[in-house]
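Peer 1: Sharing a structure here in C-alpha coordinates format.
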(Lines of atoms letter the chains of each structure in order from A; the text may use other names.)
(Lines give C-alpha, C1' and ligand atoms only; values in the text may rest on other atoms or scores of the structure.)
Protein backbone atom coordinates (compact mmCIF):
# COMPACT_ATOMS: atom_id res chain seq x y z
CA UNK A 1 0.00 0.00 0.00
CA UNK A 2 1.38 3.41 -0.97
CA UNK A 3 2.42 5.71 1.88
CA UNK A 4 0.93 9.18 2.03
CA UNK A 5 3.20 12.01 3.14
CA UNK A 6 2.93 15.43 4.77
CA UNK A 7 5.57 18.16 4.95
CA UNK A 8 4.86 19.54 8.42
CA UNK A 9 3.46 18.33 11.74
CA UNK A 10 1.50 21.56 12.19
CA UNK A 11 -1.92 21.90 10.62
CA UNK A 12 -1.63 25.69 10.52
CA UNK A 13 1.15 28.22 10.53
CA UNK A 14 1.82 29.17 14.17
CA UNK A 15 0.47 32.54 15.26
CA UNK A 16 3.14 35.17 16.00
CA UNK A 17 5.96 32.94 14.71
CA UNK A 18 7.42 35.57 12.42
CA UNK A 19 7.32 38.51 14.81
CA UNK A 20 10.75 40.17 15.11
CA UNK A 21 11.00 39.60 18.87
CA UNK A 22 10.54 35.87 19.40
CA UNK A 23 9.95 35.08 23.07
CA UNK A 24 8.68 32.15 25.09
CA UNK A 25 5.63 34.06 26.29
CA UNK A 26 4.67 35.08 22.78
CA UNK A 27 5.05 31.43 21.73
CA UNK A 28 2.63 30.44 24.49
CA UNK A 29 0.24 33.19 23.35
CA UNK A 30 0.32 31.67 19.87
CA UNK A 31 -0.41 28.23 21.29
CA UNK A 32 -3.39 29.59 23.20
CA UNK A 33 -4.73 31.06 19.97
CA UNK A 34 -4.12 27.96 17.85
CA UNK A 35 -4.66 24.93 20.10
CA UNK A 36 -8.41 24.99 20.68
CA UNK A 37 -7.99 24.59 24.45
CA UNK A 38 -10.61 27.26 25.25
CA UNK A 39 -8.72 28.66 28.22
CA UNK A 40 -8.32 25.22 29.78
CA UNK A 41 -5.77 22.44 29.38
CA UNK A 42 -6.15 20.18 26.36
CA UNK A 43 -4.93 16.56 26.29
CA UNK A 44 -5.75 14.76 23.03
CA UNK A 45 -9.37 15.65 22.33
CA UNK A 46 -10.50 16.39 25.88
CA UNK A 47 -10.46 19.60 27.92
CA UNK A 48 -9.48 19.62 31.59
CA UNK A 49 -9.50 22.24 34.33
CA UNK A 50 -6.44 21.76 36.53
CA UNK A 51 -6.83 25.07 38.39
CA UNK A 52 -7.31 23.36 41.75
CA UNK A 53 -4.41 20.99 41.06
CA UNK A 54 -1.73 23.54 40.11
CA UNK A 55 -0.20 23.92 43.55
CA UNK A 56 -0.31 20.16 44.15
CA UNK A 57 1.32 19.16 40.88
CA UNK A 58 4.23 16.84 41.83
CA UNK A 59 6.53 18.27 39.15
CA UNK A 60 6.02 21.82 40.40
CA UNK A 61 3.17 24.32 39.84
CA UNK A 62 4.94 26.23 37.07
CA UNK A 63 4.40 23.52 34.45
CA UNK A 64 0.62 23.86 34.71
CA UNK A 65 0.51 27.57 35.38
CA UNK A 66 2.44 28.32 32.19
CA UNK A 67 0.48 26.00 29.92
CA UNK A 68 -3.08 27.00 30.79
CA UNK A 69 -5.02 27.53 27.56
CA UNK A 70 -2.79 25.25 25.46
CA UNK A 71 -2.66 21.70 24.15
CA UNK A 72 -0.32 19.78 26.48
CA UNK A 73 -0.77 16.34 24.89
CA UNK A 74 2.91 15.73 24.06
CA UNK A 75 4.13 17.05 27.41
CA UNK A 76 1.59 14.94 29.31
CA UNK A 77 2.51 11.79 27.44
CA UNK A 78 6.27 12.17 27.83
CA UNK A 79 6.32 13.49 31.40
CA UNK A 80 4.11 10.77 32.89
CA UNK A 81 5.43 7.26 32.34
CA UNK A 82 3.29 5.58 34.99
CA UNK A 83 -0.51 5.35 34.73
CA UNK A 84 -1.09 7.33 37.93
CA UNK A 85 -1.48 10.72 36.23
CA UNK A 86 -3.79 9.29 33.58
CA UNK A 87 -5.93 7.83 36.33
CA UNK A 88 -6.44 11.28 37.85
CA UNK A 89 -7.65 12.93 34.65
CA UNK A 90 -11.29 11.96 35.06
CA UNK A 91 -11.57 14.11 38.17
CA UNK A 92 -10.67 17.23 36.20
CA UNK A 93 -12.45 16.54 32.91
CA UNK A 94 -14.67 19.33 31.60
CA UNK A 95 -15.78 18.21 28.14
CA UNK A 96 -14.65 16.97 24.74
CA UNK A 97 -13.06 19.47 22.37
CA UNK A 98 -14.90 20.94 19.42
CA UNK A 99 -11.88 21.25 17.11
CA UNK A 100 -9.22 18.78 15.94
CA UNK A 101 -5.68 19.01 17.31
CA UNK A 102 -3.36 21.48 15.58
CA UNK A 103 -0.47 18.98 15.61
CA UNK A 104 -0.35 15.88 13.40
CA UNK A 105 1.45 13.51 15.80
CA UNK A 106 -0.25 10.34 16.99
CA UNK A 107 -0.24 8.35 20.24
CA UNK A 108 -2.12 5.18 19.35
CA UNK A 109 -2.16 2.46 22.01
CA UNK A 110 -0.64 -0.01 19.56
CA UNK A 111 1.80 2.55 18.14
CA UNK A 112 5.54 2.88 18.70
CA UNK A 113 5.53 5.39 21.55
CA UNK A 114 2.92 3.87 23.81
CA UNK A 115 4.28 0.38 23.21
CA UNK A 116 7.75 1.59 24.20
CA UNK A 117 6.37 3.48 27.19
CA UNK A 118 4.72 0.34 28.56
CA UNK A 119 8.00 -1.52 28.21
CA UNK A 120 9.97 1.28 29.86
CA UNK A 121 7.42 1.40 32.68
CA UNK A 122 8.06 -2.27 33.37
CA UNK A 123 11.82 -1.88 32.96
CA UNK A 124 11.97 0.95 35.51
CA UNK A 125 10.95 -1.49 38.23
CA UNK A 126 14.25 -3.33 37.93
CA UNK A 127 16.88 -0.81 36.88
CA UNK A 128 19.85 0.42 38.90
CA UNK A 129 19.20 4.01 40.03
CA UNK A 130 22.69 4.64 41.34
CA UNK A 131 23.78 6.38 38.10
CA UNK A 132 21.18 9.08 38.85
CA UNK A 133 23.07 9.87 42.04
CA UNK A 134 26.29 9.96 40.02
CA UNK A 135 24.70 12.64 37.79
CA UNK A 136 24.32 14.81 40.88
CA UNK A 137 27.94 14.23 41.86
CA UNK A 138 29.10 15.16 38.35
CA UNK A 139 27.24 18.48 38.19
CA UNK A 140 28.23 19.38 41.75
CA UNK A 141 31.89 18.70 40.93
CA UNK A 142 31.77 20.77 37.75
CA UNK A 143 30.10 23.66 39.56
CA UNK A 144 32.85 23.60 42.18
CA UNK A 145 35.50 23.41 39.46
CA UNK A 146 34.02 26.41 37.63
CA UNK A 147 34.25 28.52 40.78
CA UNK A 148 37.69 27.18 41.71
CA UNK A 149 39.10 27.98 38.30
CA UNK A 150 37.48 31.42 38.34
CA UNK A 151 39.20 32.04 41.69
CA UNK A 152 42.59 31.06 40.27
CA UNK A 153 41.96 33.05 37.10
CA UNK A 154 41.20 36.31 38.89
CA UNK A 155 43.96 35.91 41.45
CA UNK A 156 46.57 35.08 38.82
CA UNK A 157 45.11 37.42 36.18
CA UNK A 158 45.06 34.43 33.80
CA UNK A 159 42.66 34.45 30.88
CA UNK A 160 43.81 30.94 30.05
CA UNK A 161 42.38 29.74 33.37
CA UNK A 162 39.31 31.89 32.73
CA UNK A 163 38.83 30.00 29.47
CA UNK A 164 38.85 26.70 31.34
CA UNK A 165 36.43 28.13 33.90
CA UNK A 166 34.14 29.05 30.99
CA UNK A 167 34.30 25.44 29.81
CA UNK A 168 33.17 24.23 33.24
CA UNK A 169 30.42 26.84 33.38
CA UNK A 170 29.22 25.52 30.02
CA UNK A 171 29.37 21.89 31.17
CA UNK A 172 27.55 22.79 34.39
CA UNK A 173 24.74 24.49 32.50
CA UNK A 174 24.35 21.63 30.04
CA UNK A 175 24.23 19.21 32.97
CA UNK A 176 21.65 21.43 34.70
CA UNK A 177 19.46 20.86 31.65
CA UNK A 178 19.11 17.28 32.92
CA UNK A 179 17.60 18.64 36.13
CA UNK A 180 15.22 21.34 34.89
CA UNK A 181 13.33 18.62 33.00
CA UNK A 182 12.63 16.97 36.36
CA UNK A 183 10.46 18.05 39.25
CA UNK A 184 11.60 21.28 40.91
CA UNK A 185 15.06 20.95 42.48
CA UNK A 186 17.95 23.25 43.38
CA UNK A 187 20.34 21.93 40.69
CA UNK A 188 18.15 23.31 37.93
CA UNK A 189 19.17 26.77 39.19
CA UNK A 190 22.71 26.10 37.92
CA UNK A 191 21.32 26.73 34.44
CA UNK A 192 21.06 30.40 35.41
CA UNK A 193 24.83 30.76 35.91
CA UNK A 194 25.40 32.87 32.81
CA UNK A 195 22.42 35.08 31.85
CA UNK A 196 20.20 32.11 30.94
CA UNK A 197 16.94 31.17 32.64
CA UNK A 198 15.78 27.67 33.43
CA UNK A 199 12.22 29.09 33.51
CA UNK A 200 12.43 30.25 29.91
CA UNK A 201 14.17 27.07 28.81
CA UNK A 202 11.40 24.97 30.32
CA UNK A 203 9.25 26.61 27.65
CA UNK A 204 11.59 27.04 24.69
CA UNK A 205 13.36 23.72 25.19
CA UNK A 206 11.18 21.34 27.21
CA UNK A 207 7.77 22.36 25.85
CA UNK A 208 8.64 23.65 22.38
CA UNK A 209 11.79 21.97 21.11
CA UNK A 210 11.36 18.62 22.83
CA UNK A 211 7.80 18.12 21.68
CA UNK A 212 8.13 19.53 18.16
CA UNK A 213 11.82 19.31 17.14
CA UNK A 214 12.92 20.82 13.83
CA UNK A 215 9.39 22.00 13.05
CA UNK A 216 7.89 25.46 12.67
CA UNK A 217 6.68 25.03 16.27
CA UNK A 218 10.25 24.65 17.53
CA UNK A 219 11.53 27.83 19.16
CA UNK A 220 15.08 26.55 18.86
CA UNK A 221 14.57 26.82 15.10
CA UNK A 222 12.81 30.18 14.93
CA UNK A 223 15.01 31.87 17.56
CA UNK A 224 18.01 31.77 15.21
CA UNK A 225 16.23 33.00 12.12
CA UNK A 226 17.11 34.97 10.02
CA UNK A 227 20.78 34.46 10.96
CA UNK A 228 20.98 30.65 11.09
CA UNK A 229 18.30 28.95 9.00
CA UNK A 230 18.12 25.17 9.20
CA UNK A 231 14.76 24.66 7.51
CA UNK A 232 15.20 23.67 3.84
CA UNK A 233 13.32 26.71 2.66
CA UNK A 234 14.98 28.88 -0.04
CA UNK A 235 12.63 31.77 0.72
CA UNK A 236 14.28 32.37 4.12
CA UNK A 237 17.92 31.89 3.15
CA UNK A 238 19.59 33.33 0.10
CA UNK A 239 22.48 31.65 -1.67
CA UNK A 240 24.87 34.03 0.11
CA UNK A 241 23.38 33.42 3.56
CA UNK A 242 23.54 29.66 3.12
CA UNK A 243 27.35 29.85 2.97
CA UNK A 244 27.97 33.03 4.96
CA UNK A 245 26.29 31.49 7.99
CA UNK A 246 29.20 29.03 8.16
CA UNK A 247 31.47 32.01 8.82
CA UNK A 248 29.41 34.06 11.27
CA UNK A 249 27.89 31.06 13.05
CA UNK A 250 30.61 31.02 15.73
CA UNK A 251 29.81 34.66 16.52
CA UNK A 252 26.18 33.70 17.05
CA UNK A 253 27.29 30.96 19.44
CA UNK A 254 29.45 33.43 21.38
CA UNK A 255 26.62 35.88 22.04
CA UNK A 256 23.81 33.41 22.73
CA UNK A 257 23.73 34.07 26.47
CA UNK A 258 24.04 37.83 26.10
CA UNK A 259 21.36 37.82 23.41
CA UNK A 260 18.87 35.98 25.60
CA UNK A 261 19.39 38.49 28.40
CA UNK A 262 19.00 41.50 26.11
CA UNK A 263 15.88 39.99 24.56
CA UNK A 264 14.29 39.64 27.98
CA UNK A 265 15.12 43.25 28.77
CA UNK A 266 13.49 44.37 25.52
CA UNK A 267 10.42 42.23 26.16
CA UNK A 268 10.05 43.64 29.67
CA UNK A 269 10.33 47.19 28.33
CA UNK A 270 7.97 46.73 25.36
CA UNK A 271 5.26 44.73 27.12
CA UNK A 272 5.49 46.11 30.63
CA UNK A 273 5.52 42.52 31.86
CA UNK A 274 8.45 41.63 34.11
CA UNK A 275 10.27 38.58 32.73
CA UNK A 276 12.83 38.44 35.55
CA UNK A 277 12.60 36.50 38.79
CA UNK A 278 14.56 36.26 42.02
CA UNK A 279 16.42 33.19 40.79
CA UNK A 280 17.91 35.26 37.95
CA UNK A 281 20.27 36.65 40.60
CA UNK A 282 22.11 33.33 40.33
CA UNK A 283 23.88 34.94 37.37
CA UNK A 284 25.58 37.36 39.76
CA UNK A 285 26.93 34.73 42.16
CA UNK A 286 30.08 33.96 40.16
CA UNK A 287 31.18 37.60 39.60
CA UNK A 288 30.39 38.43 43.24
CA UNK A 289 32.54 35.52 44.34
CA UNK A 290 35.35 36.64 42.02
CA UNK A 291 35.19 40.17 43.44
CA UNK A 292 35.26 39.00 47.05
CA UNK A 293 38.24 36.68 46.58
CA UNK A 294 39.99 38.44 43.72
CA UNK A 295 41.93 41.19 45.49
CA UNK A 296 41.56 43.34 42.37
CA UNK A 297 39.34 46.08 40.99
CA UNK A 298 35.68 45.68 40.15
CA UNK A 299 36.44 46.54 36.51
CA UNK A 300 38.97 43.70 36.21
CA UNK A 301 36.42 41.30 37.69
CA UNK A 302 33.70 42.42 35.28
CA UNK A 303 36.00 42.04 32.26
CA UNK A 304 37.10 38.55 33.22
CA UNK A 305 33.56 37.47 34.16
CA UNK A 306 32.15 38.64 30.84
CA UNK A 307 34.97 36.77 29.11
CA UNK A 308 34.05 33.58 31.02
CA UNK A 309 30.42 34.03 29.91
CA UNK A 310 31.55 34.55 26.31
CA UNK A 311 33.57 31.32 26.37
CA UNK A 312 30.72 29.41 28.02
CA UNK A 313 28.25 30.73 25.44
CA UNK A 314 30.45 29.80 22.49
CA UNK A 315 31.03 26.26 23.78
CA UNK A 316 27.34 25.84 24.67
CA UNK A 317 26.40 26.76 21.10
CA UNK A 318 29.11 24.58 19.61
CA UNK A 319 28.00 21.56 21.63
CA UNK A 320 24.26 22.16 21.59
CA UNK A 321 23.74 23.08 17.95
CA UNK A 322 25.81 20.11 16.81
CA UNK A 323 24.34 17.63 19.28
CA UNK A 324 21.76 15.67 17.30
CA UNK A 325 19.30 17.59 15.14
CA UNK A 326 20.86 19.55 12.33
CA UNK A 327 22.05 17.09 9.73
CA UNK A 328 20.76 16.75 6.16
CA UNK A 329 19.41 13.30 7.03
CA UNK A 330 17.47 14.62 10.02
CA UNK A 331 13.90 15.67 9.21
CA UNK A 332 13.20 19.39 9.19
CA UNK A 333 9.93 21.15 8.46
CA UNK A 334 9.35 20.96 4.72
CA UNK A 335 10.70 17.43 4.38
CA UNK A 336 8.23 14.65 3.67
CA UNK A 337 7.16 12.44 6.57
CA UNK A 338 4.47 9.73 6.70
CA UNK A 339 0.98 11.02 7.42
CA UNK A 340 -0.27 10.26 10.97
CA UNK A 341 3.31 9.72 12.08
CA UNK A 342 3.74 8.32 15.59
CA UNK A 343 5.27 10.72 18.12
CA UNK A 344 8.28 8.47 18.77
CA UNK A 345 8.91 7.88 15.07
CA UNK A 346 8.89 11.62 14.47
CA UNK A 347 11.40 12.14 17.28
CA UNK A 348 13.66 9.54 15.69
CA UNK A 349 13.24 11.25 12.33
CA UNK A 350 14.44 14.55 13.79
CA UNK A 351 17.30 13.09 15.86
CA UNK A 352 20.63 11.54 14.89
CA UNK A 353 22.42 10.60 18.10
CA UNK A 354 26.09 11.15 18.84
CA UNK A 355 27.83 7.78 18.78
CA UNK A 356 31.00 8.98 20.52
CA UNK A 357 29.36 9.76 23.87
CA UNK A 358 28.02 6.26 24.44
CA UNK A 359 29.31 4.55 27.56
CA UNK A 360 30.48 7.73 29.33
CA UNK A 361 28.03 9.26 31.76
CA UNK A 362 30.17 12.39 31.96
CA UNK A 363 30.12 12.81 28.17
CA UNK A 364 26.39 12.13 27.96
CA UNK A 365 25.62 14.62 30.71
CA UNK A 366 27.80 17.39 29.28
CA UNK A 367 26.98 17.02 25.58
CA UNK A 368 23.23 16.37 25.40
CA UNK A 369 24.00 12.69 24.84
CA UNK A 370 21.56 9.76 24.54
CA UNK A 371 19.49 12.40 22.80
CA UNK A 372 16.78 10.24 21.29
CA UNK A 373 15.85 8.47 24.53
CA UNK A 374 16.02 11.79 26.34
CA UNK A 375 13.48 13.27 23.93
CA UNK A 376 11.18 10.32 24.47
CA UNK A 377 11.49 10.29 28.29
CA UNK A 378 12.80 13.72 29.33
CA UNK A 379 12.04 13.43 33.06
CA UNK A 380 14.31 10.40 33.48
CA UNK A 381 17.84 11.15 34.61
CA UNK A 382 20.45 10.81 31.87
CA UNK A 383 22.32 8.36 34.06
CA UNK A 384 19.69 5.65 33.77
CA UNK A 385 18.87 6.05 30.07
CA UNK A 386 21.49 3.50 28.86
CA UNK A 387 19.62 0.76 30.69
CA UNK A 388 16.59 1.41 28.46
CA UNK A 389 18.35 0.67 25.17
CA UNK A 390 17.42 -3.06 25.09
CA UNK A 391 13.65 -2.36 25.17
CA UNK A 392 14.13 0.62 22.86
CA UNK A 393 15.95 -1.46 20.23
CA UNK A 394 13.37 -4.22 20.61
CA UNK A 395 10.64 -1.70 19.80
CA UNK A 396 12.64 -0.30 16.87
CA UNK A 397 12.84 -3.78 15.36
CA UNK A 398 9.14 -4.45 15.95
CA UNK A 399 8.09 -1.22 14.23
CA UNK A 400 10.83 -1.41 11.56
CA UNK A 401 12.21 2.00 12.49
CA UNK A 402 15.95 2.63 12.12
CA UNK A 403 17.83 4.26 15.00
CA UNK A 404 20.60 6.53 13.69
CA UNK A 405 23.85 7.82 15.16
CA UNK A 406 27.05 9.55 14.03
CA UNK A 407 30.28 10.80 15.64
CA UNK A 408 30.48 14.47 16.59
CA UNK A 409 32.70 15.53 13.69
CA UNK A 410 30.10 14.23 11.24
CA UNK A 411 27.42 16.09 13.22
CA UNK A 412 29.36 19.35 12.86
CA UNK A 413 29.90 18.84 9.14
CA UNK A 414 26.26 17.88 8.73
CA UNK A 415 25.04 20.95 10.60
CA UNK A 416 26.84 23.21 8.15
CA UNK A 417 25.47 21.23 5.21
CA UNK A 418 21.99 21.65 6.70
CA UNK A 419 22.46 25.43 6.82
CA UNK A 420 23.05 25.27 3.06
CA UNK A 421 20.34 22.70 2.25
CA UNK A 422 17.25 23.90 0.38
CA UNK A 423 16.27 20.63 -1.28
CA UNK A 424 13.66 18.63 0.60
CA UNK A 425 13.95 14.91 1.29
CA UNK A 426 11.59 12.06 2.10
CA UNK A 427 11.93 10.27 5.44
CA UNK A 428 11.26 6.55 5.44
CA UNK A 429 11.47 5.05 8.96
CA UNK A 430 12.73 1.66 7.76
CA UNK A 431 15.34 3.03 5.36
CA UNK A 432 18.89 2.03 6.26
CA UNK A 433 21.02 4.95 7.42
CA UNK A 434 24.24 5.46 5.46
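In case you wondered, yes, glycine gets a Cβ from its N, Cα and C as well.
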Peer 1: Check each of the ranges 243-261, 262-280, 338-356 against TrEMBL and return the one annotated as transmembrane segment.
Peer 2: 243-261
Peer 1: Examine the ranges 137-154, 191-208, 209-226 and name the one recorded by TrEMBL as transmembrane segment.
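Peer 2: Of the candidate stretches, TrEMBL labels 137-154 as transmembrane segment.
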Peer 1: Which sequence positions outside the transmembrane segment (306-324), separated from its termini by at least 6 residues, show Cβ-Cβ distances below 8 Å to it?
Peer 2: 150, 153, 159, 162-163, 165-167, 169-170, 173-174, 193-195, 228, 250, 252-258, 286, 330, 351-354, 366-369, 371-372, 408, 411-412, 415
Peer 1: For the transmembrane segment (243-261), what are the same-chain contacts with Cβ under 8 Å, counting residues 6+ beyond its ends?
Peer 2: 194-197, 200, 224, 227-229, 237, 309-310, 312-318, 321, 416, 419-420
Peer 1: Averaged over the whole of the domain 'Cytochrome b5 heme-binding' (22-98), what is the pLDDT?
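Peer 2: Mean pLDDT for the domain 'Cytochrome b5 heme-binding' (22-98): 95.
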